[in-house]
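Asks: Starting off with a structure, shown below.
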């Protein structure tokens, strides 16, 4: 006899089921529209990083540095993202931010498979955009290439909280501006998002560099090899984005149909936890009665005529008392 274990009869079926699950998860990935969207995210991030990081270059160099113009930097970042959203929003949704993409996954607006490609394209675009800026900028003034760093007088925890807050306000603005259920939004959605980015920069440039976008921090970090506290610019924005998306989508402005389906699901779950009851015959006595026994749990013998409850035995055979 062979020592080789016998193959399970459902082995092929299980393998087939797994393949089908993968195909369902990646449904829509192998389409022309999908790859256009991924390319749009890549190109939008490349242009955004190239233009916005260019505003952080100090052309005075290390010897004669010019004063940092926070208004210039804030407006450049805000107007750049607004322009990219206006240009590519109808193609890919205009995420241009891994934190926004994660928030969209958590609110079931895009699939996990799609988000993986989006985030990869965003990070690649950020690297290439930062690389192009590095190549076209004189070495004497390139400086840190806009790498985001936490202020020296702040701890990593402070930086994390600041990034969480400014990303929260950005993503909440995105969800509120793009809500298809609203009829009162008459202005430019792209401009509203751009203003939100600008506000975040005006507040937080001196604190953390005001990233709000993991890919924006990832690109220059790769080019310059500076990874100090880099994790803050992933964890903070993603937590802030998920909180903002979840609060808007499920608390402040929930979808009526989604709310109804959630309520039905919770109702069914509650009914299942109560247990199922069935009418059975009482074989403990030779006297014919109209007693009703309820199972599972303690066995209750209820006299229907008198409306009171007699002592019964639980399934283990011990006398049981039920209090109401």
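Positions of Cβ are set from backbone N, Cα and C atoms, glycine also.
Quantities reported herein were computed from a predicted structural model and do not represent experimental measurements.
I grabbed these lines from Swiss-Prot:
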- 13: S-palmitoyl cysteine (LIPID)
- 17: S-palmitoyl cysteine (LIPID)
- 37-57: transmembrane segment (TRANSMEM)
- 58-69: topological domain 'Extracellular' (TOPO_DOM)
- 70-89: transmembrane segment (TRANSMEM)
- 94-101: intramembrane segment (INTRAMEM)
- 111: phosphoserine (MOD_RES)
- 116-136: transmembrane segment (TRANSMEM)
- 137-155: topological domain 'Extracellular' (TOPO_DOM)
- 153: N-linked glycosylation site (CARBOHYD)
- 156-176: transmembrane segment (TRANSMEM)
- 180: phosphoserine (MOD_RES)
- 185-205: transmembrane segment (TRANSMEM)
- 206: N-linked glycosylation site (CARBOHYD)
- 209-222: intramembrane segment (INTRAMEM)
- 223-231: topological domain 'Extracellular' (TOPO_DOM)
- 232-252: transmembrane segment (TRANSMEM)
- 276: phosphoserine (MOD_RES)
- 285: phosphoserine (MOD_RES)
- 289: phosphothreonine (MOD_RES)
- 305-316: compositional bias 'Basic and acidic residues' (COMPBIAS)
- 305-324: region 'Disordered' (REGION)
Asks: Sort out the residues at least 6 away from either end of the transmembrane segment (70-89), same chain, that have Cβ-Cβ distances under 8 Å to it, and list them.
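Replies: Cβ under 8 Å, 6 or more out: 40-41, 43-45, 47-48, 51-52, 54-56, 96, 188-191, 193-199, 201-202, 205-206, 210.
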Asks: Using the alpha carbons only, what distance in Å do you get between residue 111 (phosphoserine) and residue 153 (N-linked glycosylation site) once rounded?
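Replies: Checking the Cα atoms of residue 111 (phosphoserine) and residue 153 (N-linked glycosylation site) gives a distance of 41 Å.
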Asks: C-alpha of residue 180 (phosphoserine) to C-alpha of residue 206 (N-linked glycosylation site): distance in Å?
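Replies: About 36 Å separates the two Cα atoms.
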Asks: For the topological domain 'Extracellular' (137-155), what are the DSSP-based totals of helix, strand and coil residues?
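Replies: Computed counts for the topological domain 'Extracellular' (137-155) are 0 helix, 0 strand, 19 coil.
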Asks: Please figure out which one of 116-136, 156-176, 185-205 racks up the most CB pairs under 8 Å against the transmembrane segment (232-252).
Replies: 156-176
Asks: Would you pick out, from the recorded positions 111, 153, 180, 206, the residue whose Cβ has the largest number of other Cβ atoms within 10 Å?
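Replies: The most densely surrounded of these recorded positions is 111.
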Asks: Per DSSP, residue 111 (phosphoserine) is which: helix, strand or coil?
Replies: coil
Asks: Using DSSP and three states only, what is residue 206 (N-linked glycosylation site)?
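Replies: Assignment for residue 206 (N-linked glycosylation site) reads helix.
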Asks: How big is the gap, in Å, between the Cα of residue 206 (N-linked glycosylation site) and that of residue 153 (N-linked glycosylation site), rounded to a whole number?
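Replies: The Cα atom of residue 206 (N-linked glycosylation site) is 11 Å away from the Cα atom of residue 153 (N-linked glycosylation site).
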Asks: Near the topological domain 'Extracellular' (223-231), which same-chain residues lie under 8 Å Cβ to Cβ, leaving out any that are not at least 6 residues past its ends?
Replies: 127, 130-131, 134, 144-145, 147, 149-150, 156, 159, 217
Asks: Can you name the far-off residues of the same chain, 6+ from the ends of the topological domain 'Extracellular' (58-69), with a Cβ under 8 Å from a Cβ of it?
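Replies: Counting only partners 6 or more residues beyond its ends, the topological domain 'Extracellular' (58-69) has Cβ contacts under 8 Å with 140-141, 143, 205.
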Asks: By DSSP, how many residues in the topological domain 'Extracellular' (223-231) are helix, how many strand, and how many coil?
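Replies: Helix (H, G, I), strand (E, B), coil: 2 helix, 0 strand, 7 coil.
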